[in-house]
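Chemist: Residues annotated as S-adenosyl-L-methionine binding site in Swiss-Prot: His15, Leu17, Gly42, Glu63, Asp88, Asn109.
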Amino acid sequence: MNTLGHRARKRFGQHFLHDKGVIERLLRAINPQLNDLMVEIGPGQGALTLPLLHCLGHLEAIELDRDLAAYLVERCASEGNLRLHNVDSLTFDFRTLAHENRRLRVVGNLPYNISTPLLFHLLGQIGILEDMHFMLQREVVTRLAAKPGGKDYGRLSVMVQFYCEVEPLFTVKSGAFVPPPKVDSMVVRLIPHRPSLAPNISHGALNRVVSQAFSQRRKTLANALKGLLSSAELIALGIDPRQRPETISLEDYLALTRYWLKAQ
């Protein structure tokens, strides 16, 4: 329980940020500017919401917890123009918030239980995003930034790095939250590539190849991609079919996807 009488709800994955030093450091990393079009996902009790409002004067926020949503609207009434959407961020169309000539900046202390599906949801709307700053489970950030050859490199690494430059910023200890989570967190900055690394490759096509490859990561690439590409085709692309999926670079996954698309 806390000062507003709201117990953190496990089903929402709630851990409320309360460490002022962390909040200030996160604010410096985001560096909000007066004309920014910004949305906060999962504002909770408003630890970041209030300083963002002080900097911007206006803010969009998405909060699924109805009680917290009502509390935030009341608490921020005299602090600035907070437009709160009491909806599920996993199904929210962020394009409704973007303006024709202004992209959206997205920030948030994301619940651990939805962080990966939410990232994929946002990647599907990458064209309207300026950048993203998230507090995530440290393990997730490690996977986002992982390079080929390591155990952390996988589908999430390839897909996010296809869309964004990944910049891990700093670790946040569990004691910065109430209640404290069982693991540490990390703040990460995601900046969309402009122009796209491969404008002719769709999300669906790359995801099809990468998902199939990593669904059987212990197998060789030739076995993992059976039905999509043959060993001979891999060799023609200069890729050793005996390699394992976690050793293949993003550039090679793009080459595999281009080849597969041409063969359709």
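Glycine too: its Cβ is placed from the backbone N, Cα and C atoms.
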Chemist: Please list residues from the chain of Asn109 (S-adenosyl-L-methionine binding site) whose Cβ is under 8 angstroms from its Cβ, counting only those at least six apart in sequence.
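Modeler: His15, Leu17, Gly42, Gly44, Ala47, Leu48, Phe134, Met135, Ser185 - these are the non-local Cβ neighbours of Asn109 (S-adenosyl-L-methionine binding site), listed in sequence order.
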Chemist: Show which residues of the chain containing Asp88 (S-adenosyl-L-methionine binding site), separated from it by at least 6 in sequence, have their CB under 8 Å from its CB.
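Modeler: In sequence order, Leu64 meet the Cβ cut-off.
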Chemist: Return the residues near Glu63 (S-adenosyl-L-methionine binding site) by Cβ distance under 8 Å, restricted to its own chain and a separation of at least 6 in sequence.
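Modeler: Sequence-distant Cβ neighbours: Gly42, Pro43, Gly44, Ala69, Leu72, Leu84, His85, Asn86.
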Chemist: Test of understanding: give the count of other CB atoms lying within 10 angstroms of the CB of Leu17 (S-adenosyl-L-methionine binding site).
Modeler: 20
Chemist: Which residue, of the binding-site residues His15, Gly42, has its CB surrounded by the fewest other CB atoms within 10 A?
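Modeler: Each of the binding-site residues His15, Gly42 was scored by Cβ atoms within 10 Å; lowest is His15.
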Chemist: Could you find out if DSSP has Asn109 (S-adenosyl-L-methionine binding site) as helix, strand or coil?
Modeler: strand
Chemist: So how far apart do the S-adenosyl-L-methionine binders His15, Leu17, Gly42, Glu63, Asp88, Asn109 get, largest Cα to Cα in Å?
Modeler: 20
